[in-house]
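Written below as structure tokens is the structure these notes are about.
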Amino acid sequence: MDRLLQFRFESAPGWQSNVALFLLSIGGLFTACKLFSFCRALLSIFVLPGQKLSKFGPKGSWALVTGASDGIGKEYSLQLARAGYNILLVSRTTSKLAAVADEIKSKSPTVQTKVFAMDFFKNNDGDYENLKLLIQDLDISILVNNVGRSHSIPTPFVLTPLEELENIIMINCTGTLRITQLVAPGMMQRKRGLILTMASFAGMIPTPLLATYCGSKAFLQYWSIALGAELQPYGVQVELVQSHLVTSAMSKIRRPTVTVPIPRDLVRAVLSKIGRGSGLSAYAYTSVPYWSHGLMAYALTQVLGHMGKFVLGYNKALHESIRKRALRKAEREKNKKST
């Protein structure tokens with residue numbers, strides 16, 4: 001018995017030491033992985049350049065931009081024209097498209113422009129057939145899927161008008177898919193091309209009171225990743241561009257801040273960081289090119305947990321507050337009209 005007790009007493013320190021070493025190794029490996037991920041995000045956001053646009057097509061080839069009449073789409077058109085690409089502008093209102101085309105010609109005189117007016121909500125087969133005829137002889141190197149629609153104000157799902165639900169899904173999802181299906185085959189034949197699809201943090205973070213909009217953007221996230229894997233063997237690069245708020249008609253924000261850039265700065269970041277994941281390097285075929293958005297995406301996915309109750313609760317409270325302010329404003333305007 002004394003020998004048995006002595007054996008147990010002597011073996012304990014060795015057993016504890018092995019467990020401690022194992023736990024320290026696991027902890028060290030976890031810390032090293034987190035540190036590597038953080039450093040990679042910082043390098044991608046602030047230091048490393050993106051791929052050159054010339055990889056996807058020469059100057060003089062075409063870029064097709066949807067939702068091109070204002071905001072982010074207009075800025076893509078201007079900056080891609082400045083880079084030497086001819087621009088095919090697609091949106092709903094002919095007069096607005098013509099104004100953007102005139103601005104492009106004044107700033108980039110050597111660039112050609114074409115305009116094509118269509119209402120994505122109508123999902124008219126004739127519109128898509130006419131657009132197909134228009135692009136069949138064009139060397140389209142870059143497609144920017146920018147057309148989009150959100151809710152008029154944050155609204156509980158059960159109170160959202162049916163027309164608004166259909167509008168969001170038809171424009172954000174169906175329109176994007178049909179345009180891409182027209183353009184991608186030509187890119188595959190030429191063995192080069194770039195497809196940029198504008199997403200939103202709302203598609204990455206569940207957003208109460210914007211449920212349908214955030215669902216449509218989440219759809220684009222998974223669709224883009226799958227499409228990217230399909231088209232990569234053909235030399236076509238797919239990139240989903242994640243962003244937080246931007247000053248625009250859709251966001252109804254007019255004043256830029258550190259986390260809310262103007263469209264020009266966002267687009268400049270996108271075109272300079274092609275192929276860089278920035279704060280979302282764990283997501284294939286996805287980027288968050290604007291620096292503050294990249295840091296936010298990293299914090300949300302790696303620290304706070306973007307699907308957790310804390311972020312969900314904050315998002316819900318934020319949009320409930322926005323809804324209350326919007327309803328009060330609408331009531332004030334209604335009272336002004338009645339007096």
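Placed from the backbone N, Cα and C atoms, the Cβ positions cover glycine too.
Keep in mind that this is a model prediction, so the values were computed, not measured.
The feature transmembrane segment is assigned by Swiss-Prot to 19-39, with sequence analysis given as support. With a threshold of 8 Å between CB atoms, the same-chain residues lying at least 6 positions outside the transmembrane segment (19-39) that come near it are 281-282, 298, 302.
Marked as NADP(+) binding site by Swiss-Prot on the basis of similarity to another entry: Leu64, Lys105, Asp119, Asp127, Asn146, Tyr213, Lys217, Val246, Ser248. Close to Leu64 (NADP(+) binding site) in the fold, though at least 6 residues off in sequence, lie Leu88, Val90, Ile135, Ile140, Ile142, Leu143, Val144, Ile179, Val183, each with a CB less than 8 Å from its CB.
The active site, proton donor feature in Swiss-Prot is assigned to Tyr213. In the three-state DSSP scheme, Tyr213 (active site, proton donor) falls into the helix class.
Sequence-distant contacts (6 or more apart, same chain, Cβ under 8 Å) of Lys217 (NADP(+) binding site) comprise Asn172, Ala199, Ser200, Ala202, Gly203, Met204. What Swiss-Prot lists as active site, lowers pKa of active site Tyr is Lys217, and the listing cites similarity to another entry.
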Fewest other Cβ atoms within 10 Å: which of the binding-site residues Asn146, Ser248 wins that one? Let me know. Ser248
Max CA-CA distance, Å, over listed NADP(+)-binding residues Leu64, Lys105, Asp119, Asp127, Asn146, Tyr213, Lys217, Val246, Ser248: 35
Between the C-alpha atoms of Ser248 (NADP(+) binding site) and Tyr213 (active site, proton donor), the distance in angstrom, to the nearest integer, is 16
Cα-Cα separation of Asn146 (NADP(+) binding site) and Tyr213 (active site, proton donor), in Å? 14
When the number of other CB atoms within 10 A of each residue's CB is tallied over all shown chains, which of the recorded positions Asp119, Tyr213 has the maximum? Tyr213
